[in-house]
Each structure stands twice: as C-alpha cells, then as structure tokens.
Amino acid sequence: MENRSSSGTPRPSAGSPDAAKRPSETSPAAGRIPAGQNGSSGDKKRKVTEEGEASEKSEPPADRPMSKRKRMEERHQKLRKRGRTPPSAYSRRDAEAAPVPNRNRDDPANRSLSPLPHRSPTPEEQPRQRKRPGGGARMGLVDRETLRRRQEERERALVEEAMRTSQGRGVTDVVRQHYNAVPQRGREWRKTESKIKGLRSFNNWIKSTLIQKFSPDEEFLARLNDGRDWADDSGPPPAEEKRLLVVDLGCGKGGDLGKWQLAPQPVELYVGLDPAEVSIVQARERYNSMKSGRGNRGRRNPLFHGEFAPKDCFGEWLGDIGIVQQVGIDPNAGPGGSVMSSRWGGGGFDVVASMFAIHYAFESEEKARQMLRNVAGCLKKGGRFLGVCPNSDIISARVVELNAKRKAREEQEKKEKSDEAPEDGEVEEDTKLEWGNSIYRVQFPGKTPEDGIFRPPFGWKYSYFMEEAVEEVPEYVVPWEAFRALTEDYNLELQYRKPFLGIWGDEKDDRELGPLSERMGVRDRNTGELLMTEEEKEAANFYHAFCFYKV
C-alpha cells in the first residue's frame, strides 16, 4: 500500500526503488529530529509535506499527462522544422475541394444498381469548349472586308459632313463680312451720284408692288376692293381692326421699313433678322430715326413696333429668338411634323418676307430645308411668303447659249489643228462661263450643264458682281421647279411668280402702283418712259418675284 500525505499526494513505499534513490524525500530517518527539541510530531509532518509539494512543482512526475495547448505548440514546432506551414483556423473553410475521380460509367463496378435506364448527362456535366481571348473577333476574309468597307464609309461620311459644315460657315462668313463692309450712303447720294440710281429705284418699286399686292390678308382685300362681298356694304376696314405681324429674313440695313409703313393693311410688328451684325445696327438706327419723326415724310400709317436681331436665317432655327417665340413658331413644320400639327398648327406671323436673300440657302439641301422650315414654322394658316431672287430660267438660258458657243468654238479649233500634236505643258481650255455688262457680272467657276438643267438642284455656286452693291460674293442657283416642289413639303402653295420686267408691264398702269412709280423716280411723269438704261434693264431681268400661301 501507498502512504499518502495529508495533502493526498501519493508517496512511494520504503521498499520501492524510488525510495532508495531519493532518501531525502521519502526516508523519515534522513531528516529525523529528536522529539521535544524543535516542535511536535505534527509540525514535522507538515514540514515534510510542504517540502514534497515544492519538489513536485519544480519537477512534474513523468507519468503526469501533458496539456493540449502544449502538445499543439510542440506539433507546430516540429512542422516548422520540416518546412510545412501549420494549419490555421480557416484551413477547413478555405480548403479546396478534393478532385472527384472521373468515373467510367461503362465499367460494371461503377454502374448504378438502379433498374431505371441510364440518364444522359446534364449540360453542366458536358465538357465546355474553352474560349480563347479574341475568339469572337476572328472571322473570315469576307466579314473583315465588309467591316473595313463600312468603317471607311463612316469615316468618309464624317469627313464630308465636317467639310460641309466648315464650307457653310465659310460662305456665311464671307457674305456677312461683305455686307458689314458695305458703306452706308444717304438717300440723296443714291438719287444723284449713284451709277445705278435707275436700277435702285426700279428694284424698290418692285418690292413695294409685292408688299402692296400680297401682304394684306384675303379678308382685308375683299373688303378693300369690293364692298359688295359683304352684307353690310361697310367698305374698307378701319386700320385698327386687324394689323399684320411681319418677319423679314435678310432685312439688311432696313431699307424696306418705309415700304412696310406704306402697306395697305397696317403693320403692328416688324421683326428684322440678318446675319450681318453691322447691318442690324444700321437698321435699328434707321428705325429709331423714323420713330423720332426724322425722315417720316408725312406717311399716313403710324409706325409699327420694330425688333431687330442678328441671325443666320437659313442655317439656324429661329425658335430661340425671344420675340419669335412670343408671337409663335411651329417646331413641327415640314415633312417630319405630325399630321395634326400640319393641319391645325402653325406660327403667329401673317407675312414672312425675304428680299434678294434666299439664293444663299441653296448652298445645300439642308440649308434650303432649314429656310423653308423657318418660313412655314413662322406663318399661320393663310399667311404669305413674299420674296425676290435670281431667275433660274434666265440663268439656264444663258448657260445653254454659252455652252453651245463654246462647243462650236472647240470643234472649229479641232478642225483647224487636227494635224498638230499637243505640246508638252499645254493647259486645257478653261470651262468657266461668264456674262454681264458694265454694272453687273455673273461667273461660274467650273463646269455647267450643257442642257441648262441643274442636277442635283443644290450647290451650283457662281460669283455675282453688282456695281456699288455686291463685290464678287458667292451665290447659288435656285432651280425654280425644284424649289417649288420642295415648298410643297412645307404646306406652301405657289400663288404668284413673275420676272421683274414682266411685273412692270402688268402693274405700270395700276391706279395705285403707277403713280407710285412716278413718285419713286422709276417713270418719267411727262413721257411715262421707264428711267433705266439698257444695261440696268438687263441687270433687273436677272431677278423675279414670288408669293406662296400657307395652306
């Protein structure tokens, strides 16, 4: 039997080998003290027990179990010595799934014991083809060629669009700079010193005739011309009954302000627009002079309210001008608008005028359509579009005539030089056409159609010169039939078209316009003769006038 101390710790017996090896710990005789000298026997037992506990703390017995923490530390140390990383707390979560061996279903050992027929593998189990980088872009030569052609077409379209935009800005800037540079001359100079005073007066009379005949609305004209059309036989309407709202595209220096003040149906609002900023300033100054009473010359109608703004009327939308927005402009005018808008919609203006200006819009189809969209958008139903522009019939006749003469001359030269070889460096004959006289000149820089039909109808540029007025400014042919067909897309119906000299023949004896021509210095009061030279008549015949109705 083992002897136990008071603390319950087992103690080896006297005959065990441990007792022989450590006599100081187990033998009572090794540290025995005589009784009665240093305390009682209980004190001796307590002292021996405390010494045994101290020795047990310093050296644990070999058979005492090791703690779990210490075992883990020793294990980690061994793994580090072998070059392996000990597992972390996340080793189970992050451990990769063990690869599942590819089982051969044909092997009888791997075959399922189910009596049901074997099911085909699901799409997820089928092997997937690997996609190589850029594999979708690899295609045949035909597809690559198609893509290349499309890319080239897109790039070419972008370049052409950029060129058209830059060229459009260039022509507009040239025209703007030219009219900004034209000096302001007074009325006295135009009547006495001008070389083309007869042509100036005649052109002003033509514009006055157009305003007198076509600016009033149908109701006003019916009451003015024939009171019997009305049940009450009231005669001409009073001036305050209905007044006109007018917008002038290309108003210049305001030379037509007086003509609009003399309109049969009084004007309530006049909006003048022009791309030349200097011209707008001068037009505003002329209007302020008329408003203050200077140069009014006793006109019967009160002066209308006038608004002026610089604007490219053919290359830009007019809807961002404040006064135009207030009066009203239809953004749906034209072929892209809705059916209801074209039938019931419209702007708020009674008249849109454009004198000697619309030929600048025929640089391109885009500009021509933008011009007509502005016109149709401003006009109310029944409104009028008045204007004058170069006569394409005159231009075509001249082109056919000059091309025929050039062709005959070339054939004659070929017959004369049929045996002669062309010399080195010989330049081909210039194909440009030119005609005019001392006061005006028209010149086409390149080839022109021999039959006089301009196809396509846009972009046929020529240079025009007019003494004291226009200095070699680029203009564009307005092929009339193409223009008339284009206006139908904007609900504009042609009502009137006449060359300048034809208007004179029709209206010179009118009871109102005849005396007006005498007051304006167009006709001699005594002889009735037209006060223009033959060269001025030729220059005047280059133009014609027109009027469209908004339907």
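Positions of Cβ are set from backbone N, Cα and C atoms, glycine also.
Annotated features in Swiss-Prot:
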- 1-10: compositional bias 'Polar residues' (COMPBIAS)
- 48-76: compositional bias 'Basic and acidic residues' (COMPBIAS)
- 141-152: compositional bias 'Basic and acidic residues' (COMPBIAS)
- 194-551: domain 'mRNA cap 0 methyltransferase' (DOMAIN)
- Asn203, Asn204: mRNA binding site (BINDING)
- Lys207, Gly250, Asp274, Asp312, Met355, Phe356, Ala357, Tyr360: S-adenosyl-L-methionine binding site (BINDING)
- Lys253: site 'mRNA cap binding' (SITE)
- Lys259: site 'mRNA cap binding' (SITE)
- Arg286: site 'mRNA cap binding' (SITE)
- His359: site 'mRNA cap binding' (SITE)
- 408-420: compositional bias 'Basic and acidic residues' (COMPBIAS)
- 421-430: compositional bias 'Acidic residues' (COMPBIAS)
- Glu475: site 'mRNA cap binding' (SITE)
- Tyr543: site 'mRNA cap binding' (SITE)
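Same-chain residues lying 6 or more positions outside the compositional bias 'Basic and acidic residues' (141-152) and placing a CB less than 8 Å from one of its CB atoms do not occur. Cβ neighbours of Lys259 (site 'mRNA cap binding') (same chain, under 8 Å, six or more residues apart in sequence): Asn204, Lys207, Ser208, Ile211. Most other Cβ atoms within 10 A: among the binding-site residues Met355, Ala357, that distinction falls to Met355.
Here the recorded positions are Phe356, Tyr360, Tyr543, and the one ringed by the most other CB atoms within 10 angstroms is Tyr360. Taking the C-alpha atom of Glu475 (site 'mRNA cap binding') as reference, the shortest distance to any of the binding-site residues Gly250, Asp274, Asp312, Ala357 belongs to Ala357. Here S-adenosyl-L-methionine is bound by Lys207, Gly250, Asp274, Asp312, Met355, Phe356, Ala357, Tyr360 per the record. The longest Cα to Cα distance in that group is 22 Å.
When the recorded positions Gly250, Lys253, Arg286, Asp312 are compared by Cα distance to His359 (site 'mRNA cap binding'), the shortest distance belongs to Gly250. Using a 10 Å Cα-Cα cut-off around Phe356 (S-adenosyl-L-methionine binding site), the recorded sites Lys253, Arg286, Tyr543 reduce to Tyr543. If you compare Cα positions, Asp274 (S-adenosyl-L-methionine binding site) sits closest to Lys253 out of the recorded positions Asn203, Lys253, Arg286, Tyr543. Closest to Arg286 (site 'mRNA cap binding') by Cα-Cα distance, out of the binding-site residues Asn203, Gly250, Asp312, Met355, Tyr360, is Gly250. Looking only at the recorded positions Asn203, Lys253, Tyr543, the one with its C-alpha closest to Tyr360 (S-adenosyl-L-methionine binding site) is Tyr543. In the three-state DSSP scheme, Tyr543 (site 'mRNA cap binding') falls into the strand class.
On the 0 to 100 pLDDT scale, the domain 'mRNA cap 0 methyltransferase' (194-551) averages 89 in the predicted structure.
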